[in-house]
Amino acid sequence: MIFMLNKLALRNARRLWKDYLNYFLTLCMITALTFSFHSLLFSKDIYEMIHFGNNGELSTAGTMLVTFMAVSTVAILIIVAWLINYMTRFILEKRSREFAIYLLSGMKKKQIAALYMKENFYLGTSALFAGLLLGSGLQQILFYVFYKSIGKNYRVNIEISAGSILLTIILYGACFMIALFRNKKKFSNMEIISLLNMDRQNETVNEKRNAIWKWLFYLSIGNVLFLYFLIFTGRITKWAAVFEMIGLAFTFYFFYLGLSAFLMKYIKSKGSLIYKKDCLFLIRQFSSKMRNTCFVLGTLSLLFMFALVGSSLAFMLSDYQNKQLNVEYPFDIILISDNTENDFAKEETLINENTVPRAMLKYCVYQNGTSEMVDYLYQNLRLFSDKDSDPAMAEGRKAAAYYDYDVYMGITDYNSLRKMLGLTPVALQDNQYLIHMPNRVYQEIKDRNEKPQNSLHIGLDFAGFMTEGFAQNGHNGTDFLLVVPDKKLAGMKKYFSLMAVMASGNVPENLSESLYESAGKIRGYDELADYIKIGSEELFLMPATIQVKSREVLELKFLMSTLSFPLFYIGLVFLCVAFTVLSVQQLSDSNKYKFRYQILNKLGMGKKKIRNVVAKQLFLYYLCPVILSVIISAVFILYVGRQFVIYTGIHTEWILYFGISFVSFLGIYVLYFAVTYFQFNKNIEP
């Protein structure tokens, strides 16, 4: 008997593989992605990177990598558990009559439940091993892209981590076991009549309530329009955002319920569209399917939105990495000291031992006891004037942003630094001064009615702004530097001593730790309590008295990659899950549709025309959750893109980030749609 049941389970598993091929392939893809991404955590080379120079402890980037991989793993675990639970329940409902026949033939419930678990176990195990095999190849691609993103070369290294395999099996197995035991419990409580009627049960809506449900459609559209109004008029506030997010959660689910009622009302009112070609057939099927699956469609729309928003954010981070890091770190090495007599002799010796300086300058910045420019920025930058900010948080920002006094530099040192960076020297007359500030800050204040030069009382004429990258996150000033004729410095006090270096060739990354050791500090630990400020840059920069560009850029690239890669990871898995459910929903009903299309064929509709109708039916069902998610995610990216420009100064249009994400999204969409279309046509053929 056991042999017969095992043989039956294997046969049924092969049938499941054939009938739900998209589901099987998605499980393989998710397993492959999970395995390859977890390999990042268990790679020896990456382990050394994230522990490098911190006495065996995790670096900031390492902490971020572990944290974001953990968060993404939890998100993936939840959605994969939902997919497996949904699919096992869905398959159970579709095969309920088959199981009822098993009961009528004398099999016990425990035997049938065990049979169903074995079938899914065989299907899941085969998907697991196929996914691990695929993941070992995908791992090499992922590592190559990851290393390129942080500026490192990657050599192909077939490194299969037992920890990564074990973690993947545990997570995958937990999702499967939870779903199967839930369905086993549900199955054990059912009677034969329940099984016979199960495939007829759905999320039906009382026809008498259609008039009420119809208004949900209008309310959902109104809520989306209100969101656009808030974003485009700049009236989004903290509390408005909270209430709007709650409203959107309802919108995703009520929209489909309301749209179904709206279409049913349209059919009953004999709208003109129903008399055109195959529109009545399509609208009736579409509204019926939508009404029965409104909760599923709402969930899929959420997944699509998260995927689009997440991948767009990942592209923003990648753009920042490619364009801004050289601006933020223009010098190969720069050091600052509050000891104005510091000659950096030890540091110079250490630098000469580890690299070949092409140019080196020791200099001072000055202060005259005033803070007029600092006060101006406090009053005019959005960061410090946000009405929704917590007052305590706003004060904390101010405390970390600027020095107590305005920072000045002489024109001679200024031009020497410009020459080191390959910039054109600037000419100043004896009665002139200029302001050097990051382009990000300049773009924010340039159109203000109150100009910064009008707030300054230096006794010189304003000569203009300069906005090139100039190490203005605590070294050559914070967000600004007032450049004056050298003779003007005579009446000022030295503020800080600095040394800037441009090297010939590469600077070793471990020079950063060596310089910190010579200063008696530990990199990453002593900075927050130090005197250095960082200005209004809030995204990634940390205060650092010693900056070695190669080390800082490596760590920031690593940090941004740990943010962007999980976003891509989550987005890709969410897309695969959503498209799988859409595909399975249509293919599982193909037998029902087969009868309807046979009737159309008998009424005179040719095979080519039927295939066109099938394409339209699938297109409508696939497109509906996609359109809603695109409309809502687009406005989110618009808002985030605006903020990204404000905080980084990078003027790439938000539509570019969203467009790249959407094109990537479209590629996966076309793939799943094509597979579903061909399988559907095959299933309805006589």
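Any Cβ shown, glycine's included, is placed from N, Cα and C.
Please treat TrEMBL annotations as automatic predictions, because they have not gone through curation.
As annotated by TrEMBL, transmembrane segment applies to 20-41 (among others). Outside the transmembrane segment (20-41), and at least 6 residues removed from its termini, the chain residues within Cβ reach (under 8 Å) are 65-66, 69, 72-73, 76, 80, 83-84, 87, 91, 123-124, 126-128, 130-132, 134-136, 138-139, 141-143, 146, 159, 161, 163-165, 167-168, 171-172, 565-566, 569, 572-573, 576-577, 579-580, 583-584, 587, 672, 675-676, 679.
According to TrEMBL, the feature transmembrane segment maps to 61-87 (among others).
The DSSP breakdown of the domain 'ABC3 transporter permease C-terminal' (73-181), given as helix, strand and coil counts, is 92 helix, 0 strand, 17 coil. Residues or ranges marked as domain 'ABC3 transporter permease C-terminal' by TrEMBL: 73-181.
Residues 9-10, 13, 16-17, 24, 27-37, 39-40, 43, 84, 154, 156-158, 160, 165, 168-169, 172, 176, 180, 561, 565 of the same chain, all 6+ positions outside the transmembrane segment (121-146), place their C-beta atoms under 8 angstroms from a C-beta of that stretch. What TrEMBL records for 121-146 (among others) is transmembrane segment.
Under the heading transmembrane segment, TrEMBL lists 158-181 (among others).
According to TrEMBL, the feature transmembrane segment maps to 215-233 (among others).
Annotated transmembrane segment per TrEMBL: 245-267 (among others), in sequence order.
What TrEMBL records for 294-317 (among others) is transmembrane segment.
TrEMBL lists 558-584 (among others) with the feature transmembrane segment.
Annotation source TrEMBL lists transmembrane segment at 618-642 (among others). Sequence-distant contacts of the transmembrane segment (618-642) (same chain, six or more residues past either end, CB-CB distance under 8 Å): 224, 227-228, 231, 236, 248, 251-252, 255-256, 259, 282, 286, 289-290, 297, 300-305, 308-309, 312-313, 316, 578-579, 582, 585-586, 653-654, 657-658, 662, 669, 672-673, 676-677, 680.
Annotation source TrEMBL lists transmembrane segment at 654-678 (among others).
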Which sequence positions outside the transmembrane segment (61-87), separated from its termini by at least 6 residues, show Cβ-Cβ distances below 8 Å to it?
-> 20, 23, 26-27, 30, 34, 37-38, 40-41, 46, 49-51, 124, 171-172, 174-176, 178-179, 182-183, 296, 299, 303, 555-556, 558-559, 562-563, 566-567, 569-570, 573-574, 577, 580-581, 584
